[in-house]
Amino acid sequence: MPKRMNLGFDVSYIAMDGRWRTPGSWVGRTFPDVEMYEEIARIAERGCFDLIFSGDGTGIPSTWEGSTDTAVEWGITWPRQDLNPLMVAMSRVTRHVGFGITYASTFMHPYYVARLMNSLDHITGGRMALNVVTSTRLADAANFGFDALMEHGARYDRMEEFIEVCQRLWDSVQGAMVWDRATGQVGDPAKVRPIDHEGRFFKVKGPLNTPPSPQGRPILVQAGGSPRGLKAAAQFVDVAFGENMSLDLQVRQRASLDQALLAAGRDPAGVGILWQKPLIVAETGEEARRRREALLTMIPREGAGAYLSHNSGYDFARLPPRFTLQALNEEIAASHATPVGIVHQLAHRFGASTEMTREEFLDYGLRYATHYETTEAGSAKEMADHLEEAFEATGSRGGFMIGHPVAMPRDLVDLVDFLIPELQRRGRFRHRYTGATLRETLADTLD
Ligand SMILES: Cc1cc2nc3c(=O)[nH]c(=O)nc-3n(C[C@H](O)[C@H](O)[C@H](O)COP(=O)(O)O)c2cc1C
């Protein structure tokens, strides 16, 4: 019997980077109309998706030319808002699909996030996941009192401490509730204990002042893919979020995570990766590939520059006329920013010593920022073949976070109408939900 995949649907970019007006998108409704999200939730649940997921960022991209103007003019990674109220709204019109929300441990306080996740887990009946990110975005950092990005290693030190505090807070109230009407006893004092945490970044007394939530702890997700990022992930993730990259790199990443898990004393068999997967499916392969072309017309080139600069913390408007990818990587790293996928991908494709012009880089940048280059498009059969190959090559654990659609709700409807039935026919995806919580849904991968 083949192993089944987990599938998430990533709503991070549905209203941004030009997608909001592409044919197939809502007309007369704009972000953040709550009814759009309710419709998404109903469609995703009809397709038995494991979860609806959103990344997040808390600043308007301002790294490109040191200004927010380009981002505001073209809607580059803007506007956004905290997705947690929208996840509550989506949970009220569904019963099974889970929800993944993103907070940056670099900026947030663990007591607040632990308490919020507990509340969300209650409201959704145990359907929450927390995606914890370090963030590479100067615009976000600037809103939380930082003049520069915290050094890469320190961001992960803070993340590990942040999650340790959250876990201890969630555990600080396990089994606490009594609710005995006859005696009036509400809680068991022996089960509610301070955590007395004093670390490098946080000092938290605890305990949490909430009842324990249905899942006890939310599902924990982490996306950073550097060796330091994987080391942090290996400490705590239930499922990793993998960057979309070529299959050989994914296989390498899977092996690196397995090694990190073993070093942390954990069994790699129990930890899946959900690979970020921009994917368009339509009734025919030709139709899907035709729709993919729309990606190239969504934003102008400077919009792509704003997108890339924001995500790396490096101003690509300052690129010299000619440079090697290796030198660019070094310069980005020297400024405490993070080499984004595009630089890795170009180095992998052309070789790190390859020389490029600024114009060549930005041309490629448009294809990268719009996800044109990495979006798979095809018939249900072609896309199911593609997913099965990647799933098996990376150890048949986890699955995919399908996202970056061209237009919503059209792309999600097509996934549910064409791709999901094909995966179900192959025994690769569930026909119905069996579990109550997200943890149970994610574990439902065998017949
Ligand atoms: C698939 C993926 C998704 C990410 N999503 C977010 C996000 O939603 N918000 C954010 O601030 N950072 C996000 N990040 C950035 C990571 O948290 C991290 O800062 C970045 O990958 C650099 O760390 P690394 O060098 O370990 O990869 C994401 C990264 C990856 C690979």
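In case you wondered, yes, glycine gets a Cβ from its N, Cα and C as well.
Taken from TrEMBL, the feature FMN binding site applies to Asp56, Thr102, His152, Tyr156, Ser226. In the three-state DSSP scheme, Thr102 (FMN binding site) falls into the strand class. In sequence order, Ser54, Gly55, Asp56, Leu83, Leu130, Asn131, Val132, Val133 are the residues near Thr102 (FMN binding site), counting only same-chain partners six or more apart with C-beta under 8 A.
If you look up TrEMBL, you'll see 35-337 marked as domain 'Luciferase-like'.
Annotation for Tyr156 (FMN binding site): spatial neighbours Thr134, Gly224, Arg228, Gly229, Lys231, Ala232, criterion Cβ-Cβ under 8 Å with sequence separation of six or more. Checked against ligand 1, the binding-site residues Asp56, Thr102, Tyr156 give Asp56, Thr102 as the ones with a Cβ under 6 Å from it, listed in sequence order. When the Cα positions of Asp56, Thr102, His152, Tyr156, Ser226 are compared pair by pair, the longest gap among these FMN-binding residues is 20 Å. Over all protein chains present, the Cβ of His152 (FMN binding site) has 17 other Cβ atoms lying within 10 Å.
Cβ contacts within 10 Å of Asp56 (FMN binding site), excluding its own Cβ and spanning all protein chains shown: 18.
For the recorded site, His152 (FMN binding site), the DSSP three-state label reads helix.
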